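Colleague: For reference, Swiss-Prot lists these features for the protein:
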- ARG179: active site (ACT_SITE)
- SER202: active site (ACT_SITE)
- GLU240: active site (ACT_SITE)
- TYR121, ARG179, SER233: NAD(+) binding site (BINDING)
- CYS53-CYS277: disulfide bond (DISULFID)
- CYS174-CYS224: disulfide bond (DISULFID)
- 73-273: domain 'TR mART core' (DOMAIN)
- ASN65: N-linked glycosylation site (CARBOHYD)
- ASN253: N-linked glycosylation site (CARBOHYD)
- SER295: GPI-anchor amidated serine (LIPID)
- 1-22: signal peptide (SIGNAL)
Amino acid sequence: MQMPAMMSLLLVSVGLMEALQAQSHPITRRDLFSQEIQLDMALASFDDQYAGCAAAMTAALPDLNHTEFQANQVYADSWTLASSQWQERQARWPEWSLSPTRPSPPPLGFRDEHGVALLAYTANSPLHKEFNAAVREAGRSRAHYLHHFSFKTLHFLLTEALQLLGSGQRPPRCHQVFRGVHGLRFRPAGPRATVRLGGFASASLKHVAAQQFGEDTFFGIWTCLGAPIKGYSFFPGEEEVLIPPFETFQVINASRLAQGPARIYLRALGKHSTYNCEYIKDKKCKSGPCHLDNSAMGQSPLSAVWSLLLLLWFLVVRAFPDGPGLL
């Protein structure tokens with residue numbers, strides 16, 4: 001086995017051991033879902049990856065954002081709060097750069113509006129709940145997205161931010177994360193079913209942090225498109241990893257005790273989108289053909305090394321089904 005693969009296996013083992021430690025810390029809770037849904041491919045979710053139209057979307061943001069602020073006061077207030085916080089952090093950057101715990105510098109192409117969007121999403125406000133509820137329905141039709149989805153700017157900026165943060169990560173780029181949900185038990189279609197999480201899904205690198213959000217359903221997830229956003233969150237102690245709505249997963253194990261929580265273990269498969277560049281197509285492609293890059297639309301298989309890591313994780317889950325770190 002090559003040394004990088006061996007080191008990756010070691011890192012996974014260390015991560016699993018850390019998950020078994022019972023360490024607690026204060027955390028601000030954010031309810032993630034408001035209704036019960038089956039865990040499936042979430043076909044009504046709006047899953048645009050903006051392949052081939054990122055520059056055109058960026059150019060359209062000023063007018064689009066102004067219009068959306070007028071339609072949603074919660075969105076406008078959260079964005080204002082996040083903008084203020086981002087400016088404060090930028091002013092403190094010289095001080096942070098001397099600290100051993102300083103955040104990593106943003107990746108190439110990461111702009112201020114990406115940082116503001118992530119801060120707005122993680123703020124202790126109703127925005128993330130309203131936004132994800134809208135994302136889960138905006139893909140029911142192209143017309144519904146164009147005429148009724150009032151978070152086009154936020155969806156684009158979060159999507160592009162995760163793409164940039166993901167491309168800027170050092171290997172390994174996949175992460176073992178945990179996700180706790182309060183007041184809702186998800187029901188997967190069955191073992192080995194292919195599913196998506198339906199919206200922008202918050203998870204944590206720390207098992208204990210995820211528990212604070214609930215245990216009615218508790219996920220163990222291998223994500224390869226989710227990106228750590230600790231340095232762009234109002235609550236860095238959560239060690240949050242944000243997963244985009246177009247990442248696909250395979251259900252490798254699921255259980256539900258009679259009076260206990262549902263436990264679901266997912267491994268990354270790739271990505272799948274029904275939509276691409278819908279806003280730009282509507283605004284600029286009516287008078288003639290558009291040439292957009294659709295390379296990001298389909299499924300992308302995992303590497304052999306990551307498949308081996310996922311197998312190792314599954315074996316640990318099977319060996320310790322009731323371990324406190326794998327709830």
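From the backbone N, Cα and C atoms, a Cβ is placed for every residue, glycine too.
Remember, it's a predicted structure, so these values are computed and weren't measured experimentally.
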Colleague: Under DSSP, is ASN65 (N-linked glycosylation site) helix, strand or coil?
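Modeller: The three-state answer is helix.
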Colleague: Could you check which of the recorded positions (TYR121, SER202, SER233, GLU240) sits closest to CYS277 (disulfide bond), going Cα to Cα?
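Modeller: So, spelling it out, the nearest of the recorded positions is TYR121.
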Colleague: Hey, of CYS53, ASN65, CYS174, SER202, ASN253, which of those recorded positions are within 10 Å of SER233 (NAD(+) binding site), Cα to Cα?
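Modeller: Among CYS53, ASN65, CYS174, SER202, ASN253, not one has a Cα sitting within 10 Å of that of SER233 (NAD(+) binding site).
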Colleague: Mean pLDDT for the domain 'TR mART core' (73-273), as a whole number?
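Modeller: Mean pLDDT, the domain 'TR mART core' (73-273): 91.
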Colleague: Cα of CYS224 (disulfide bond) to Cα of ARG179 (active site): how many Å, rounded?
Modeller: 15
Colleague: Near ARG179 (active site), which of the recorded positions CYS53, ASN65, TYR121 can be found within 10 Å, Cα to Cα?
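Modeller: Within 10 Å of ARG179 (active site): none of them.
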Colleague: Between SER202 (active site) and TYR121 (NAD(+) binding site), how many Å separate their Cα atoms?
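Modeller: Their Cα atoms are separated by 10 Å.
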Colleague: Specify the count of other C-beta atoms within 10 Å of the C-beta of CYS174 (disulfide bond).
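Modeller: The answer is 23 other Cβ atoms.
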Colleague: Here's one to test understanding: among the recorded positions CYS53, ASN65, CYS174, GLU240, ASN253, whose C-alpha is closest in space to the C-alpha of TYR121 (NAD(+) binding site)?
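Modeller: Of the recorded positions CYS53, ASN65, CYS174, GLU240, ASN253, GLU240 has its Cα closest to that of TYR121 (NAD(+) binding site).
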